[in-house]
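For reference, the structure discussed in these notes is given below.
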Amino acid sequence: MKTLLLLLLVLLELGEAQGSLHRVPLRRHPSLKKKLRARSQLSEFWKSHNLDMIQFTESCSMDQSAKEPLINYLDMEYFGTISIGSPPQNFTVIFDTGSSNLWVPSVYCTSPACKTHSRFQPSQSSTYSQPGQSFSIQYGTGSLSGIIGADQVSVEGLTVVGQQFGESVTEPGQTFVDAEFDGILGLGYPSLAVGGVTPVFDNMMAQNLVDLPMFSVYMSSNPEGGAGSELIFGGYDHSHFSGSLNWVPVTKQAYWQIALDNIQVGGTVMFCSEGCQAIVDTGTSLITGPSDKIKQLQNAIGAAPVDGEYAVECANLNVMPDVTFTINGVPYTLSPTAYTLLDFVDGMQFCSSGFQGLDIHPPAGPLWILGDVFIRQFYSVFDRGNNRVGLAPAVP
């Protein structure tokens, strides 16, 4: 009888997970930082943006100006494709759980970054309309601004009608010029959306395009294009993780924010001994935390400043400590190979730390951000129906 009951529970969970799954392939490209480093331009980039990544801090606030740390996108490697309009115009985007707006470059944008990317042409779409509202997103090096348009947005067979989105007319700095992506599709809660725009996933749910009010993310560790990486709308795929999902309640419905019990380095609690807050963020490449804490963490793993960032000796990976995030009573351990980014410069190995200081001040912070370095190791499910995040060890 007990065996039958367990089987029924497993079947129920499988049914909940599957529904009708809509899979969005995520392609992995070399990050902007890797490209700049390969061209020996990384130091010049830091200087031109007045950035010292060793001391980097940035004040973030959750007001209508929606401050975003631009530096988060430097290491982004996973991108997908969407289309806007009739007939469809294709764009490469970051699917970002740390923001809630969709924006792409406008054909009317004259910033250098727009000239190197796909631009939306409203006059070419028969389903386009313009509400007439402006928008602005503040980044560390300036503001991205433009107008809000409305059109149908398609993502791998899911077509949202009447989706409002930003058409950028100005884009800040040099960062977006060399970026692999055209725009960003935010998957955060509506409270984060600039201009009161309804996010894409909320419209998917409202228009009954997904069977289940959840989506999931698998980021392959395969450096050759990240084969198999995908975003799933409407459920999750058991083949992408081992064991069972551990569900963690969302503590604040803006980012996908959860509570951390503690953070251990080498088996010893070093941070958050009385708990702290974190967000699971597909739009941040590294793991970030308060700058003073991250400095201690870099010292603990043996990372040292090199050319404006923290690096470790590649030969020391086998003796460096594990870093463990305890969440809802469950330990999530990152080995040194998991939290270290490997690159090649002039044929030589270069290993940089996957941790970055970022100060997010009240009322939004302080926050730790569990970005792609974490998500590559732990399959992540974002459940809007129950306001929770599911985590389990990812299958390589």
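Placed from the backbone N, Cα and C atoms, the Cβ positions cover glycine too.
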Candidates C60, C109 - disulfide partner of C114 as recorded in Swiss-Prot: C109
Per DSSP, three-state class assigned to C114 (disulfide bond): helix
Minimum Cα separation from C351 (disulfide bond), reported as the residue among recorded positions C272, C276, D281 that achieves it: D281
Cβ packing number for C276 (disulfide bond), 10 Å threshold: 19
Three-class DSSP secondary structure - C314 (disulfide bond): helix
Cα distance (Å, whole number) from C314 (disulfide bond) to C109 (disulfide bond): 43
C-alpha spacing of D281 (active site) relative to C272 (disulfide bond), in angstrom: 19
